[in-house]
């Protein structure tokens, strides 16, 4: 069992944002059939947002993708149509502080945790563009909700500084990390393959970067962290817990292997804990304490 902000979950395995479309029946089916400890929704904005034109996703190598969907979503009200069969972490976004606050007001009745996305690299005016306003965003959101508020940050050089600003203004935790902005050129046309141009690189290559940032931030602040980035098997989960994460988001691995991999990873974790005589709580942050 894992407790995060008075929410008790069976284990640390959650589904990361961007994997499951905000289609109520689909979310409910995944909850019921595969039993993740929680699902993070795709980032929702106040009003529907059209995705970028295709191509929006390309596979670079096994376990490595690049996407520029551009936060396309059906709007915040769609969240309220989801029948909650497992805890929802609702990812919220917007092009202004006020929009983000309004989204939180709309979705909070369905959420266990609010995750503010200020790190998407794939839409001008959204996500990463607002990271410099993180303190003001947190203050605004905390004025309208009593739910735990986490902030999703990117793999930036100033991530520790931004994490500190978010926590200083009342953030309850952090989600680390979002994708890394990348570019692939078509050698026939000499143009970017993705319609948007750049895209967020995700998958296995992200894991050591995510692990380093999680450890650095946990060492600095000792805060609750949802670790995301390149997790592919149970050993990766243990690594993230050891670095300081309390929950671990599965993303690209679900695209590559399907949702049944959740149970495969879960069994690996259970066998490891049994063999070592440990609980999840014993492992969280252990690499920082050594």
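Just so it is clear, glycine is given a Cβ too, placed from its N, Cα and C backbone atoms.
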Same substrate site per Swiss-Prot - residue from 35, 42, 142, 146 joining 67, 68, 69, 70, 71, 117, 178, 179: 42
17, 42, 43, 117, 152, 203, 229, 230, 251, 252 bind FMN per Swiss-Prot; candidate in 97, 177, 180 listed for that same site: 177
DSSP-derived structure type at residue 17 (FMN binding site), helix or strand or else coil: coil
Of the recorded positions listed as 68, 70, 117, 120, 179, the one whose CA lies nearest the CA of residue 43 (FMN binding site): 117
Nearest recorded site to residue 68 (substrate binding site) by CA-CA distance, among recorded positions 17, 120, 152, 252: 120
From 17, 120, 203, 252: recorded positions whose CA lies within 10 A of residue 70 (substrate binding site): 120
